[in-house]
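Engineer: Annotations for this protein, taken from TrEMBL, read as follows:
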- 28-53: transmembrane segment (TRANSMEM)
- 44-293: domain 'G-protein coupled receptors family 1 profile' (DOMAIN)
- 144-167: transmembrane segment (TRANSMEM)
- 200-229: transmembrane segment (TRANSMEM)
- 241-263: transmembrane segment (TRANSMEM)
- 275-293: transmembrane segment (TRANSMEM)
Amino acid sequence: SFFQDMTNVTEIPEFRLLGFHSNPYCQILLFTVILVIYILTILGNIIIISVVTLEPQLHSPMYKFLKNLSFLEVCYSTAIVPKMLDILLSKRKNISFSGCMAQLYCFISLGATECYLLAVMAYDRFLAVCEPLHYGVAVTARSYTRLTLGSWITGVFTGLLPCLMVSRLHFCSDNLIDHFFCDISPLLKLSCSDTTVTEAVIFILSLLVLSSCFLLTLLSYLLIILSILKIPSASGKRVTFSTCSSHLMVITIYYGAMISMYVRPTYNQSSELNKAVSVLYTVVTPLLNSVIYSMRNKAFKKALENIVNRH
């Protein structure tokens, strides 16, 4: 009977992304808003990469990490948003099976890399604030390279197992993905295979990656805050607390959305709620990162002014 069941499975060459269930006018409005956010995200992150590269005073590890994060945000947004924009206006909302798996892999691996980079950046700030005398010894060019390459390489390997397991599932005649990109949850719902093992593995991996990175990041900032409380100057406290609160806001939004989506054993939540949460971390958060991590930074703004004046 097993082989009979296998022969009854119809392999599908492509999926159809349903996108958002709304009238055409709302689709056009949503397209416009997301397009503007996407353009601002790309421009903002390219400006960060350019300024950090061109300005010698920003060649410290902190800003090099920021440049990596900006490059990642460009890749992350580009893996999701252009296809999202396409299905908002196009009547043909298809994506090939291989294209869907490639998008899923990019989404998982880049998302994991962002978690690792945020944790590394938090650790860098912890050393700078709490161990300033040892910072120059602890964060050298070699250690920066190791931490950065480690984040990227670990992220690349993190995406392999979930993508491989999802790609080996069987999908029957129904090829309608109730989402605007190839995410794990709607693909598992669509499969006619037993997804119990796949769900369990993805749940455990998500728990390990998201929770561990989030806890490390949170611990770093808690130690930073405790160190700031010891600063006698009230103005010094306000400035540093303002910076930390901005960082924590982005981290809370990003990790809150990701953990609520993926660190759970079942995938029975409302599809519309999932889409709304997905828009938050695939469209909005990459823009917030470029604004909060740099545009509110005095050293970065000064460096940008210097470059503009020179040219």
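Keep in mind that glycine also has a Cβ here, set from the backbone N, Cα and C atoms.
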Engineer: For the transmembrane segment (28-53), give me same-chain residues lying six or more residues beyond its boundaries with a C-beta closer than 8 angstroms to one of its C-beta atoms, as numbers and ranges.
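Structural biologist: Cβ under 8 Å, 6 or more out: 20, 22, 59, 63-64, 66-67, 70-71, 73-74, 77-78, 81-82, 84-85, 88-89, 279, 283-284, 286-287, 290-291, 293-295, 300, 303-304, 307.
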Engineer: Averaged over the domain 'G-protein coupled receptors family 1 profile' (44-293), what pLDDT does the predicted model reach?
Structural biologist: 84
